[in-house]
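Trainee: Below: one structure in structure tokens.
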Amino acid sequence: MGKSESSVGMMERADNCGRRRLGFVECGLLVLLTLLLMGAIVTLGVFYSIGKQLPLLNSLLHVSRHERTVVKRVLRDSSQKSDICTTPSCVIAAARILQNMDQSKKPCDNFYQYACGGWLRHHVIPETNSRYSVFDILRDELEVILKGVLEDSSVQHRPAVEKAKTLYRSCMNQSVIEKRDSEPLLNVLDMIGGWPVAMDKWNETMGPKWELERQLAVLNSQFNRRVLIDLFIWNDDQNSSRHVIYIDQPTLGMPSREYYFKEDSHRVREAYLQFMTSVATMLRRDLNLPGETDLVQEEMAQVLHLETHLANATVPQEKRHDVTALYHRMGLEELQERFGLKGFNWTLFIQNVLSSVQVELLPNEEVVVYGIPYLENLEEIIDVFPAQTLQNYLVWRLVLDRIGSLSQRFKEARVDYRKALYGTTMEEVRWRECVSYVNSNMESAVGSLYIKRAFSKDSKSIVSELIEKIRSVFVDNLDELNWMDEESKKKAQEKALNIREQIGYPDYILEDNNRHLDEEYSSLTFSEDLYFENGLQNLKNNAQRSLKKLREKVDQNLWIIGAAVVNAFYSPNRNLIVFPAGILQPPFFSKDQPQALNFGGIGMVIGHEITHGFDDNGRNFDKNGNMLDWWSNFSARHFRQQSQCMIYQYSNFSWELADNQNVNGFSTLGENIADNGGVRQAYKAYLQWLAEGGRDQRLPGLNLTYAQLFFINYAQVWCGSYRPEFAIQSIKTDVHSPLNAQVLGSLQNLPGFSEAFHCPRGSPMHPMNRCRIW
């Protein structure tokens with residue numbers, strides 16, 4: 001929804017101390033670097049958010065005379081020995097960069113292999129992972145820190161933090177989880193009307209009083225499962241100061257709709273059906289019912305048949321990019337008239353959801369419908385399938401979500417499905433699973449522990465200064481765009497200058513006298529012996545905290561993500577960029593490393609998020625976060641034409657791991673626009689910083705110019721590899737291009753890159769035609 005970068009000669013290489021007559025200190029450092037290569041900690045992060053070729057618009061793709069002058073100065077200054085940084089931070093950074101590179105590759109042929117070839121050679125995907133990247137490594141290291149603070153019992157903390165620690169201990173209490181086995185799940189099944197496949201005579205005992213409206217409402221409000229119909233509360237796209245009810249098409253049991261009907265996904269479907277059948281059979285036996293495998297298989301096949309119809313009824317994500325086309329506001333009467341769904345009572349359904357938080361529907365209540373095509377198709381599906389199959393499906397979606405909270409035998413039932421879907425053969429080690437779960441559900445409490453243990457508070461002000469530098473470049477770059485008229489440029493400038501930022505963490509999580517943190521989790525009462533029930537509390541708390549907002553004014557200062565997260569975000573409804581503390585660490589950012597790394601790391605991230613405000617989705621929202629068309633017809637038309645260039649460019653990248661499928665340039669357009677804009681803005685901001693007198697430092701053992709160091713650090717945050725199964729899933733579902741395409745596509749379009757590495761026109765990294773939007 002609208003809620004939610006002539007080969008004049010390669011660089012000089014120094015293969016040994018004697019060739020360049022290095023000084024004693026430099027030689028010593030190079031020896032030290034060699035020793036560090038095997039042990040250097042790679043701590044980077046990455047954030048991961050088809051058409052035919054159209055004539056390209058040349059949007060001032062030159063490098064300005066001023067930028068050329070600065071680059072020449074960079075090249076000149078980079079040859080001086082006095083600027084070599086020999087601090088421990090710089091030595092570690094140099095070791096990391098050297099280890100990740102493959103200097104046998106030519107940067108003008110394939111810069112991704114040149115920058116990341118060493119990383120790809122040295123890292124094997126763990127059996128527990130479907131993907132392994134510098135982002136995953138940084139997340140792993142963050143989880144080690146969180147494990148330490150969650151297990152530390154030496155200090156008594158405030159109630160919110162103690163609850164997080166109790167939740168963690170309950171997750172780690174595997175002996176009790178094994179002893180209780182399926183008991184907690186069976187108790188839940190009784191609460192939600194039973195699971196027909198795991199009981200006898202459901203049609204006679206439960207069927208007569210079964211109501212779809214009430215079942216959907218219970219799953220939504222008590223278990224945070226929005227099945228069949230996705231009803232949720234969010235900022236009104238057209239009035240960002242208020243909340244509104246949204247109705248949309250739902251998610252499915254498998255990650256992508258294509259898995260349900262594409263021929264090449266038959267193995268995944270078979271494993272999914274076997275997973276469903278195994279779980280239902282296990283529960284029947286636990287209830288002392290006959291296994292009746294054939295009966296269970298038949299009933300679950302009907303569930304898969306139903307879900308396949310639902311998948312076909314949904315609209316593919318690539319056709320849902322235009323939020324202005326999705327948004328349809330209507331009253332309850334119109335909703336009922338247009339989508340009767342064979343007698344489905346919309347007022348009853350919505351009121352049952354809201355009554356869980358004591359909110360009453362108003363006579364003139366309006367809803368925003370995003371999923372009109374889906375709702376039009378849903379009526380026939382509801383008419384075809386009986387109540388028993390519908391109930392089997394609804395309960396299955398809850399069971400699927402709760403499997404990870406049960407004993408080991410239930411996890412073993414999903415092994416083949418996970419192997420077919422992700423390529424993984426092992427479950428994640430238990431403590432990591434528990435750390436991730438607690439951080440996801442109690443992000444403010446866990447974030448407070450992380451900040452106290454691992455975050456430098458002065459990073460906030462330094463990053464804020466970087467944001468202003470890169471925002472200024474974005475505004476300056478508007479003057480270079482000949483596809484945009486002055487009226488639209490002025491509006492774009494206003495929006496850019498009004499982008500708000502959140503950096504690191506909200507202050508209240510560290511303020512002992514501020515009770516907001518404890519109040520956030522006041523309704524939760526955890527027990528170390530009741531992990532499954534603790535999870536149900538979290539589901540209910542998350543659902544009801546969201547539902548309560550319907551009658552509340554939007555809090556523009558509310559943090560949309562926790563502090564201990566290795567990612568960054570842009571919210572179009574708030575015109576807000578967010579940089580959690582988890583990403584504000586080396587090598588993305590450090591006051592102790594060269595500025596080339598900071599601008600190529602967190603600077604690129606900042607530019608990426610700013611540009612999201614002007615991608616194919618963000619551009620539909622104004623400076624206040626309202627969905628408003630502030631574009632002239634001329635500028636809007638040319639934005640679409642410029643976008644076609646990028647769609648075509650990225651659609652020509654194929655992914656060998658994903659059976660050589662081509663990237664969907666349309667689905668990935670928003671992220672590609674942000675990648676391109678982000679690296680362009682960060683590089684220009686770096687050149688401006690140098691032009692204004694900034695003095696950078698070189699890294700020992702690396703004969704790289706400042707500009708080359710910038711681009712290598714930018715590329716290396718994307719180093720990573722995928723299992724083939726997950727690559728196939730990602731190319732269907734991920735809005736990001738594959739990692740190598742993210743690097744190659746954005747740098748092919750940037751003149752400053754080809755100048756820094758002397759790439760001749762016509763070489764792979766300096767194509768004859770380039771795309772530019774921002």
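Each residue, glycine too, has its Cβ placed from N, Cα and C.
The structure displayed is predicted, hence computed values, not measured ones.
Take a look at what Swiss-Prot says about it:
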type: ACT_SITE; residues: ASP675; note: active site, proton donor
type: BINDING; residues: ARG131; note: peptide binding site
type: BINDING; residues: HIS608, HIS612, GLU671; note: Zn(2+) binding site
type: COILED; residues: 532-558; note: coiled coil
type: DISULFID; residues: CYS85-CYS90; note: disulfide bond
type: DISULFID; residues: CYS108-CYS759; note: disulfide bond
type: DISULFID; residues: CYS116-CYS719; note: disulfide bond
type: DISULFID; residues: CYS171-CYS434; note: disulfide bond
type: DISULFID; residues: CYS645-CYS771; note: disulfide bond
type: DOMAIN; residues: 84-774; note: domain 'Peptidase M13'
type: MOTIF; residues: 14-21; note: motif 'Stop-transfer sequence'
type: TOPO_DOM; residues: 1-26; note: topological domain 'Cytoplasmic'
type: TOPO_DOM; residues: 48-774; note: topological domain 'Lumenal'
Trainee: Let me know the DSSP-derived helix, strand or coil state of CYS171 (disulfide bond), please.
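Mentor: DSSP assigns CYS171 (disulfide bond) to helix.
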Trainee: With H, G and I counted as helix, E and B as strand and the rest as coil, say where DSSP puts HIS608 (Zn(2+) binding site).
Mentor: helix
Trainee: Please list, in sequence order, the residues in the chain of CYS90 (disulfide bond) that are at least six apart in sequence and whose C-beta is under 8 Å away from its C-beta.
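Mentor: When sequence neighbours closer than 6 are ignored, CYS90 (disulfide bond) has ASP592, GLN593, PRO594, GLN697, LEU699, PRO700 within Cβ distance under 8 Å.
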Trainee: Within a 10 Å radius of its Cβ, which of these disulfide-bonded residues (CYS719, CYS771) has the fewest neighbouring Cβ atoms?
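Mentor: Output over disulfide-bonded residues CYS719, CYS771: least Cβ neighbours within 10 Å is CYS771.
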Trainee: Does DSSP put ARG131 (peptide binding site) in a helix, in a strand, or in coil?
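Mentor: DSSP call for ARG131 (peptide binding site): strand.
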Trainee: Looking at the disulfide-bonded residues CYS108, CYS434, CYS645, which one has the fewest other Cβ atoms within 10 Å of its own Cβ?
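Mentor: Minimum Cβ neighbour count within 10 Å, taken over the disulfide-bonded residues CYS108, CYS434, CYS645, occurs at CYS108.
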Trainee: Sort out for me which one of CYS85, CYS116, CYS171, CYS759 has the most neighbouring CB atoms within 10 A, since those are the disulfide-bonded residues we care about.
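Mentor: Selected residue: CYS116.
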Trainee: State the three-class DSSP label for CYS85 (disulfide bond), counting H, G and I as helix, E and B as strand, and everything else as coil.
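Mentor: It is coil.
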Trainee: Could you say whether, by DSSP, CYS771 (disulfide bond) belongs to a helix, a strand or a coil region?
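Mentor: CYS771 (disulfide bond) sits in coil per DSSP, no helix or strand.
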Trainee: Using only C-alpha positions, which one of CYS116, ARG131, CYS171, HIS608, ASP675 is spatially nearest CYS85 (disulfide bond)? These are the recorded positions in the record.
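Mentor: Closest recorded candidate to CYS85 (disulfide bond) by Cα: CYS116.
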Trainee: Tell me, roughly as an integer, the mean pLDDT over the topological domain 'Lumenal' (48-774).
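Mentor: Across the topological domain 'Lumenal' (48-774), the average pLDDT comes out at 94.
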Trainee: List only the single closest residue to CYS116 (disulfide bond), chosen from the recorded positions ARG131, CYS171, CYS645, ASP675 by CA-CA distance.
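Mentor: Sorting the recorded positions by distance from CYS116 (disulfide bond), the top entry is ARG131.
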Trainee: Among GLU671, ASP675, all listed as recorded positions, which has the most CB atoms within 10 Å of its CB?
Mentor: ASP675
Trainee: Give me the count of other Cβ atoms within 10 A of the Cβ belonging to HIS608 (Zn(2+) binding site).
Mentor: 28
